[in-house]
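A short write-up of the structure that comes next.
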Amino acid sequence: MEKTFNLSRREDGIAVLTMDVPGETMNTLRSEFGPEISEVLSEIKADASIKGLVLVSGKKDSFVAGADISMLDACETAADAKLLSQQGHVVFNELESLSIPVVAAINGACLGGGLELALACHKRVCSLNPKTMMGVPEVQLGLLPGGGGTQRLPRLVGVTTALDMMLTGKQLRPKQALRMGLVDDAVPESILLRTAVEMALAGKRPAKKKKQSLINKLLEGTSAGRNIIFDQAGKQVAKKTQGNYPAPAKIIDCVRQGMTKGMEKGLEVEASHFADLVMSKESESLRSIFFATTEMKKETGAGDVKPRDINKVMVLGGGLMGGGIASVTTTKAKIPARVKDISETGLSNALSYAYKLLDKGVKRRHMTPAVRDNLMALMTTTTEYKGIKDADIVVEAVFEDLSLKHQMVKDVERECGEHTIFASNTSSLPIGQIAQAASRPENVIGLHYFSPVEKMPLVEVIAHEKTSAETIATTVAFAKKQGKTPIVVQDGAGFYVNRILALYMNEAAQLLLEGQSVEHLDKALVKFGFPVGPMTLLDEVGIDVGAKISPILESELGERFKAPAAFDKLLADDRKGRKNGKGFYVYGGKKKTKEVDQTVYSVLGLKPGVDTEAAEVAQRCVVQMLNEAVRCLEEKIIACPRDGDIGAIFGIGFPPFLGGPFHYIDTLGADNLVKILESYQARYGSRFEPADTLKQMSIDGTRFFS
Ligand SMILES: C[C@@H](O)CC(=O)SCCNC(=O)CCNC(=O)[C@H](O)C(C)(C)COP(=O)(O)OP(=O)(O)OC[C@H]1O[C@@H](n2cnc3c(N)ncnc32)[C@H](O)[C@@H]1OP(=O)(O)O
């Protein structure tokens, strides 16, 4: 069998151990490597000519991407998972105990178990390659660093920094890693190996201690101080996770126990907590998201049809969405974008949108001012159709007005090339209706972004019946270059995400009209696992936007989408939400915490205070979303449950620890969900009528995923 580890000896006495998992694009750690690694370490220990060891990756732009997540998926019991962690401890402890200096030369992704491997080396040097990132993202998989990271990291960079890394899963750039002492040097890739060898030849000198402030010395250097850190971290984690994610608290416990009872105890606790987490439902759901998104990275959205190159983009509309779209085009895809708006104000908005984001990067030392300015130069503006003849795609982000969009289709066909794609960012208008104005309908497609564009990872790519496969493939490729996760959905009012969101929001509105308070509603759904509650979301999206979409959905999809008429009173009272400082909450107030605008109740003629059980409130809203998601699958709006899960999680923050609507339905059981829906149907009416597929699944006892 081809080896993963290859040991080569240099004349200067330094041995180079290259890790290169055969047939894989990334190095990942697997238990099957254990015997091979032990054999290599024994060979090194037995060879007195070896004065030092440098560990490198044989992969281009990638060091080690962590433990093989599919290996974790294969664990059938907690004992299986605990053994994996313990095996890692044995190997890493043996590496760390070598009498010769061991230096990790890191180039590319060094994540999870990969960083834990590097931490077991005596020194670390990384390249300045933009692809070099270091971190322990296990928490994003519902796990914790199970290869000794909860013990070595705090001892290297300090408890506070280590907890921040482990609880957020953040990935550090080379200079960030150097500043915090995670690596001993960061050098150009061309001299990475040479620097590592020199480091090894210099011997096992202790790392330079980072300078610490007095307060930090007291906090980190005393058990009382560390307990303050742990207690604070515990409170922050409890608030952030609402108790829905077990991993963060276990991470804190591993560090606390290790720092108070010693590394051996810490490793023992780490292996035990790691095992529990691998077997947890939450981690299983989060790992399924990783596998789904990794699989989606390879999909073109149109089979084996090749996408056309996108070398120039035009964005119509310099507002909030247009500015965001132009910004991710230039800063992420690094493709020139020309923004057209009817007013200079719109154009300056687009430019300042991009500049603010880039300047934040400069302030955080992620980029230099020169890089910022070069990226800004990719964005140009115009109030006329000039300089766009060679645009490969035009993204329209103007008002939800069909006649206006028809005019733009005609303008683009007149002013641009025959191959130019017209992509509409419409959030509700059927693409087929927009394409009616086109003489080349095969070039018309929907490309629906979510706000804020630079943060929300999802885009919906909406093909109408005449959209060509090449247009789909090109648009999907373009979205991926912008750093987006695209799902291809079929044409229909509200497409997928806004359609399932609409019924969820309508149910929240019904609950409000029944006397639930705004804050109770929001707290209930945040407790369930959403990032924000429905009333906060309505304020953020815009009450007026919701009011505009609802009638379109009702006319196209039926009565169940009818929004409560009482909400018209909000618009009559000029309540649009955050955008005009008047909504369900008070804006611009002096208080730091958000306050409900109590006058909203009088506008709606309500007396709040019913505030029933939060779980019941959340369930009524969530089952509406689940039921409509199933209908979207039935109608082939979404191609598969996987896309439905990713769309809901990445588009509206459906709780990731539940895996998405379809994974959650499997967890609940279709029969149980049908019973809940039917009980609500009896109490609140036909809008809770279970989807046919659900009824059938409850009879057949089937699931969406095996
Ligand atoms: C011991 C404990 O501490 C437990 C752990 O270490 S848990 C694992 C922690 N590591 C991670 O969470 C990193 C997961 N990987 C990524 O984030 C990304 O893959 C990347 C940033 C490393 C690279 O991204 P990108 O350049 O976009 O490449 P792909 O995501 O497409 O990945 C390329 C192929 O590598 C496979 N892969 C990557 N990481 C892992 C992993 N940890 N386990 C298993 N497989 C992994 C990925 O599936 C792709 O495989 P394919 O055959 O090309 O489909």
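Quick reminder: no glycine exception, Cβ is built from N, Cα and C everywhere.
Annotation source TrEMBL lists domain '3-hydroxyacyl-CoA dehydrogenase NAD binding' at 312-491.
If you look up TrEMBL, you'll see 494-587 (among others) marked as domain '3-hydroxyacyl-CoA dehydrogenase C-terminal'.
According to TrEMBL, the feature domain '3-hydroxyacyl-CoA dehydrogenase C-terminal' maps to 617-698 (among others).
TrEMBL lists 1-188 with the feature region 'Enoyl-CoA hydratase'.
Residues or ranges marked as region '3-hydroxyacyl-CoA dehydrogenase' in TrEMBL: 308-706.
The local packing around Glu116 (site 'Important for catalytic activity'), expressed as other Cβ atoms within 10 Å of its Cβ over all shown chains, amounts to 28. Among the features that TrEMBL reports, site 'Important for catalytic activity' is placed at Glu116 (among others).
The secondary structure of Glu138 (site 'Important for catalytic activity'), as reduced to three states from DSSP, is helical. The site 'Important for catalytic activity' annotation in TrEMBL covers Glu138 (among others).
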The domain '3-hydroxyacyl-CoA dehydrogenase C-terminal' (494-587): DSSP-derived helix, strand, coil residue counts:
65 helix, 4 strand, 25 coil
Which secondary structure state does DSSP assign to Glu116 (site 'Important for catalytic activity'), in the simple three-class scheme?
helix
Sort out the sequence-distant neighbours of Glu138 (site 'Important for catalytic activity') for me: same chain, 6+ apart, CB within less than 8 Å of its CB, listed by position.
Gly66, Gly112, Leu144, Pro145, Gly146, Gly149, Met166, Gly169, Ala247
Count up the helix, strand and coil residues in the domain '3-hydroxyacyl-CoA dehydrogenase C-terminal' (617-698) according to DSSP, in that order.
66 helix, 0 strand, 16 coil
